[in-house]
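Data first, discussion second: the structure below is written as structure tokens.
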Amino acid sequence: MKKWRSLAVMAAALCALAAPVQAAVPGVPASGEGATQGIVAVSHPAAAKVGLEILERGGNAVDAAAGIQLALNVVEPMMSGIGGGGFMMIYLKDQNKFTVIDSREMAPKHAAPDMFLDEDGKPIPFDERHTNGKAVGVPGTLLGVDTALNKYGTMKLPDIIDPSIELAEKGVPVNWITSEYINSAVWKLEKHDTAGNVFVPGGKPLKEGDLLVQPDLAKALKLIKQKGTDAFYKGEIGEALVKEVQRTGGSMTMEDLQHYVVKEREPVRGDFRGYEIVSMPPPSSGGLTVIQILKLMEGFDNQKAGANSVEYLHNLIEANHLAYADRAKYMADDDFYPVPKKGLIHDDYINERRKLILPDRANAEVAAGDPWAYEEKTAAAPLPLSEASEHIYTTHFSVMDKWGNLISYTTTIEDVFGSGIMVPGYGLMLNNELTDFDAVPGGANQVEPGKRPRSSMTPTIVMKDDKPFMAVGSPGGSTIIASVSQTILNVIEHDMPIQEAILSPRIFSSNYPNVTWEAGIDQDVILALMAKGHVFAEKPGNIGNVQAVVYDFETGKMYGGVDNTREGTVLSVDGGSYHTSKPTPAPQADKGVFTLKVNGNTYPYTAEQKVLRNGTAYIQADKLLLGLNGGAEAFRNDAVQINGEPFLPVKKVAEKLGYSVSWDAQEWTIQLEIK
Ligand code: GLU
């Protein structure tokens, strides 16, 4: 699936570009109404509507967020729900206070560091490991939502739960993205019959337009309405949950459910270009890693380099490698192991680390640094091991109310449809969050009873002149960090209005040399970056799904921005609405007569740029020289005119530049190796 802008959004972005009026608050569109009475930016229209109606009834942002989360459980059941966990960042205007309600899942009492290893001591393959009851963490979302309401809301659970009961009872039409996700997870849903009966009835996956009706889930939500969270943590829902987890291989007990604790946390904060980034602390690696990336990028003139230019992306990829290396080594649940939260984002440390970004070449030798040298160490931490997860599940939404309170909430059941295990009779999907622990014991992120697995979720709020103006976040496992940092860079460094900042194509690279990318990054840029040693994936993909709210505190207007890889929806109490449409799939590129690989990596030349003539392979001159980092002057005499364009013979040019050249006749591929 490719990220392809809808025409309407392109037009809006172009209008914004055509009107260079610069708002003082970044991210604010040059034109557009803006709301004053409250706004929501959510990945599903039905859940957005629930949030809007709560704001219209006089609820605050916390009330709306609670309603949206419960509705998402019903309408986007593969991404989040009360069988999972999440991080709700809250900004309370009247107290000028930030807080985070951490409802991340906890490992049960009988979880063990080696529980994801087979008899030979090898990690059990992910597909098997994450669909076993052992992967299910003690869920926190319901208690998190309830805690947020009780402490910071104006309504209680029974006041905000009815629309979700109705959506579960009467049904919601399956949209294009839900149908795609059901299709991708049929094997998992059918592995445990209960979920299969709901989403793949009679063996046929629900498709776009079908009605998703969930009477069991409606029953569970009604029980919660009547009896509160006890119905879940101490009552019949919990008993059925625990029974099913044990039946599928897990150890969770009622005692684990009763001992679940919501934690309220102080966000981490860091300065970037005079703005303050307020973000998610451990057990998430998200906030510290985003702040590291931004601070590393602060050393470059990104505006001059330009958004998605060669120079900018080179520095960005390198900054990501440095930050992700530290993430892998130092970040886990710091209620168990100390994380150098100050050292990691200390200016002197960042300045040292930035020196490892070489202007001309990808640095193949990036390793974690020593942030403890910039902070007093509280206790020794063993070396954590890292395990990449590149999923795009989970969900993020942002809300602002008329009083100026802001919510940035990322919430998950981990993989798509979590573990695939549904609580029989109560219709809720259970997470597989414990697979976010390292499968191999010995590190700070190993499984331990009562511990929260390391997360990447990064709900963030950005401040200008001590006033919050942007709430932003994304799903996407470890790619969340890339999506959030690039959206912030697009807004602050590249002056993009929020909607354009979200739809601008992103890249992801957590270590040397592989880079994944979204459609829209220029081919010349990719070729030049490959010449520097970065390896771009052959085809683009999707990275994250950002939902954000921007507040122009100078005019009192609020704006939303949503992604088009789901049915992103902005609704405002003032009546404004915006909705992304299903992206048109990018046309399949014709590979042409041959393929060029350098060190085993396919270069992205189009069919028109490649010609075979009399047994000699030619590539369009400027493109070949860009990809192989050759100067035009040296090859002036080798060029031949084909279809009115200069082309160069690949073998001759490559050999002159010092590559060894071979021809794979079976694959019709020219292979270049650096000698
Ligand atoms: N479990 C992941 C985390 O907490 C989120 C999953 C995803 O976004 O795909 O970081």
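Note: Cβ is positioned from N, Cα and C throughout, glycine not excepted.
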Legend entry - TrEMBL annotation, L-glutamate site containing ARG104, ASP436, SER455, SER456 - matching residue among GLY81, GLY133, GLY477: GLY477
Inset, instruction - Quick one: give me the count of other CB atoms within 10 A of the CB of ASP436 (L-glutamate binding site). - result: 28
Inset, instruction - Rounded to the nearest Å, what's the C-alpha distance separating THR394 (active site, nucleophile) and GLY477 (L-glutamate binding site)? Just drop the number here, would you? - result: 8
Legend entry - Site extent for L-glutamate (largest Cα pair distance over ARG104, ASP436, SER455, SER456, GLY477, Å): 14
Legend entry - Helix-strand-coil residue split for the domain 'Copper amine oxidase-like N-terminal' (629-672), DSSP-based: 13 helix, 18 strand, 13 coil
Inset, instruction - Let me know how many other Cβ atoms fall within 10 Å of the Cβ of SER456 (L-glutamate binding site). - result: 27
Legend entry - Within the predicted model, mean pLDDT of the domain 'Copper amine oxidase-like N-terminal' (629-672): 93
Inset, instruction - Could you list the residues of the same chain, at least six apart in sequence, whose Cβ is under 8 A from the Cβ of ARG104 (L-glutamate binding site)? - result: GLY85, GLY86, PHE87, GLY137, GLY140, PRO283, SER284, GLU433, ARG452, PRO453, SER455
Legend entry - Where ARG104 (L-glutamate binding site) falls in three-state DSSP terms: coil
